[in-house]
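Trainee: Annotations per TrEMBL:
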| type | residues | note |
| --- | --- | --- |
| ACT_SITE | HIS638 | active site, proton acceptor |
| ACT_SITE | ASP826 | active site, proton donor |
| DOMAIN | 1-122 | domain 'Ketosynthase family 3 (KS3)' |
| DOMAIN | 606-915 | domain 'PKS/mFAS DH' |
| DOMAIN | 945-1007 | domain 'Carrier' |
| REGION | 606-740 | region 'N-terminal hotdog fold' |
| REGION | 764-915 | region 'C-terminal hotdog fold' |
Amino acid sequence: SGTQAGDAVKMRSVLNTFAWDQSRQSPLYLGSVKANVGHGGSASGVTALIKVLLMMRKTRIPPHCGVKGKINSSFPSDLDKRQVRIALEGEAEWSPPKGNKRRALVNNFSAAGGNTGLLLEDAPKTAIDNSPQSDQRSHHVVVLSARSAQSLQQNLRALADFVKTNPSPDLLPRLAYTTTARRLHHSRRAAIVASDIPQLEGLLLEKAKTVSDIVPKTTPALGFLFTGQGAQQTAMARGLYESFSSFRDDLNNMDYIAQGQGFSSIIPLIDGTVQIHDLSPTVIQLGTCIIQMALAGFWKSIGLQPSYVLDHSLGDYAALHIAGVLSIADTIYLAGYRATLLEARCPQDTHSMIAVKSAVSELKPIVASGLMKVACINGTNETVLSGESGALDEACEQLSRQELKFTRLNLPYAFHSAQVEPILDELERASRCVQFCQPVIPVVSPLLKAVVAGSDNTVSIGPEYIRRHCREAVDFWGAVNAAQGHGLMIDGTVTIEIGAHPILSALVKSVLGQGIAPYASLRRNEDVFKTLSETLAALHLSGLPIDWNEYHRDFTASHKVLELPRYNWDLANYWIQDEGDWCLHRGAQGIPQAEQRNTRLSPAVQKIITEKVDTEHALIVSEASLQDEELLPVCRDHRVSGLILCPSSLYADIAYTLASHLLVAHKPEWVSESLSLDICDMAVEKALVVQPEESHVFRAEMDLQWGTRHGTMQVYSVDASGQRRELHAECNVVLERSEAWRGEWQRQLYLIHRRMEQLRKGLDLGVTHKLRRSLAYKLFSSVVEYGPRYQGLDEVVFDSEGLEATATVRLQSVAEKYALNPFWCDSIGHLTGFVMNSSASPDLAEHVFVNHGWRSMRTTEKLSPDEVYQTYVKMQPVGDTGSLFAGDVYLLRNNAIVAVFGSITFQKVPRRVLEMLLPRPKNGAMPKRVIQAASVPARNVRKVDDESSKLAQVVKVIASEIGITPDKLPEDTPFADFGVDSLMSLTIIGSIRETTGLDAPPFLLET
């Protein structure tokens, strides 16, 4: 109640119930949580519950430290005689009595009139098996989560400290149970798979360095992939059978049904008592089907429900059952009867199968010859052929002549070939005895190359489908494309392969790429719990709901909740200290303004306008004037067509400066972790032109997300009031560990060295050329004029036809301090522009290649003018237009790669279009046309004639550029219908200006 009067009423109620007189023998302890932590308001009830639970765990009753003076005088004076105890001084012992339980009543009143009472008692004592072999699982999943990246990072480190200081043989399984089944899971997650405590500790610390996993807001679609032939092995799924009662019960029940239908038991395939080559085809094929049904049932039992099923060959039967088309009994009957027919009617080894690394189109000669037929289309370059065994050698010779890679498959039957034709009629008759239902979840059918859903009445699955499925080719590639077209298999989709070894997963990725995430149920020659744990960890991180209690149900020895380190809150101090003296001073001078803090970070980051930081991200806005005496030389020494332009390397320096400032100021621990900055996806939207006589202010705005370690930056001009005018450039900033870069570069280093050596050897053969600095930059000046401090290329060896070059680079000394020196970065990238604009192509007379940005800029050490560097680049066309080229620039020092500027892109632009893209100087003017004098009376006629003539010239220019005659250019047809895009439009405008002298606007052809 919070009042003494209210407490007195409560005391009277409690005593009237539990100690109404002095006859009580055992002590009755009374207490309140308010006297320990204050009034909790709406949290007072749960706070009291927590206090009682802690008292039961610690077997102690803490004193009421908030009672500093005399206790409430309204309480009865005979509390001691009634055996009532209130802990005021020191702790009181509260151990469980022998043969009995402790009990406590927690009562809570609310201001709204609520009255809640909870009666607590000691839990039943359970026998826990402490033997080290009680939990046989070799690998375990340990998960943690948090609401912010910083909290998750601290939670990981705290758990690493915990496991280091708590060695115990049963710690790992109990830790896995506690963190998975007994915890709520937040959106930021980490999942670790470990086999022992030392490994777990190392993985926790490693994960703490790269926290970034965030569960998607929407649960991804889940598909079950049912493997076909070729994955069977001795003792299939034995680990699951021995460890999980639900899987074992399902499999035993289905084996019982199979024996009731007259088939042999499939248990020898599972327990390994018989080698697989000694088992009959019926046991192998029926056993594979039953194992797949039980395996799919296992995944469903732990909460994973498929959104669709996709099968391959034999896997179709189990897939149809999971989709609701066939019952368990009918599925077992069809799969078993089909296998029995194969044994009885189709002699083994009369036909064979070959897996070929080739597209179907390349196999037309061998198919047309009749030697082999297509049995499976698994991907764009994955095809399986089948045919008579007698023709196998000849077929292999023909494939060898075509230089195609192939593998003979060791199978007793060539499925989906002429070998199975003797059983088709009887298989179809048997299929008419079973009931086919509409699928409850979509079936992606490789036979139909379509998705069969319950609402689709145009396609049905029945006896004819079973017949065709047995004989016709499996078009797995077509099925995956159909699923993609229906939106089932898209980026972010998760699949679980239902089989003894993942085969379809690789096929799916070959079709759909990296956007899909396939996982395995079992792997050949790998411990079952290693495979399961890795898959469960990945599924948990993807956001799929997992019933961890069901997963741990059979491992009762691990069902003990551990007391783990507390959650690490993202604590921040929001207290604002008042600086005044609470006095009003009449006639006093105004409060003196605080001295403005100097926030200049570099010549390009002269002032910080905004800096907002919270637990999720940081926002920073900087401002700079191009007329700054340190910044102006960066632009003044970089001229294009006579205009002073801001180089794109300056934008990289700004991004590097702002990101580094945020890290040092707000994430110093990341700096110590050797995280490196990748300035990536740079796109220059509009050239920033410098007019030395005019003031020009620009700003850079960066938003850096702490959780993903990813940021974005925009550079834009502002007017005098600070309003945005024009966007000039934008890029991304990513924080990554440079060790991964170095590992990737090391694998490429020998190739770079080889190409550099070949270019230098080409000098002796006359196929490459060498230029010194002065001549190289003189050639460069036809496109860009670089001042002395930009001229870092000391010597260039290049192949003009192959668009390949290497150079020696000596960076020029610069007095100004930059985080990522724009003079030096530009010098490193000069090789790309030199290769593109100094080639032997005759197009360069009319065209120029302009930098379009880059994909990544990664450096692992500070650049220095005291070092000698080498650079290498190979420019290659991008797309089919021939107007876009890209290349990676490698920077080497002492024969080691220290920086890579990835995918620097150049766009081919007509020279006259480049002049149009660049703004004209303020004092520039269009050239005046000289018009001959005419007699006054003819003035009006001449004006009309001039306008008509100019219009005709404009029409002629447009028609010529498009490639048609002027009479084929109707007035009401949009120019886009003739293929006029934005670049071609600028070309036409340039021709109009040159031919007619008219100042045609760039948007003339947009209508």
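In case you wondered, yes, glycine gets a Cβ from its N, Cα and C as well.
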Trainee: Could you state the CA-to-CA distance between the residue listed as 'active site, proton acceptor' and the residue listed as 'active site, proton donor' to the nearest Å?
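Mentor: Cα of the residue listed as 'active site, proton acceptor' to Cα of the residue listed as 'active site, proton donor' measures 10 Å after rounding.
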Trainee: Determine how many residues of the region 'N-terminal hotdog fold' (606-740) DSSP places in helix, in strand and in coil.
Mentor: 32 helix, 66 strand, 37 coil
Trainee: Return the residues near ASP826 (active site, proton donor) by Cβ distance under 8 Å, restricted to its own chain and a separation of at least 6 in sequence.
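Mentor: Long-range Cβ contacts: HIS638, PRO647, SER649, TYR786, TYR790, GLY792.
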Trainee: Give me the DSSP three-state residue breakdown of the domain 'Ketosynthase family 3 (KS3)' (1-122), ordered helix, strand, coil.
Mentor: 37 helix, 22 strand, 63 coil
Trainee: On the 0 to 100 scale, where does the mean pLDDT of the region 'N-terminal hotdog fold' (606-740) fall?
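Mentor: Mean per-residue confidence for the region 'N-terminal hotdog fold' (606-740): 89 out of 100.
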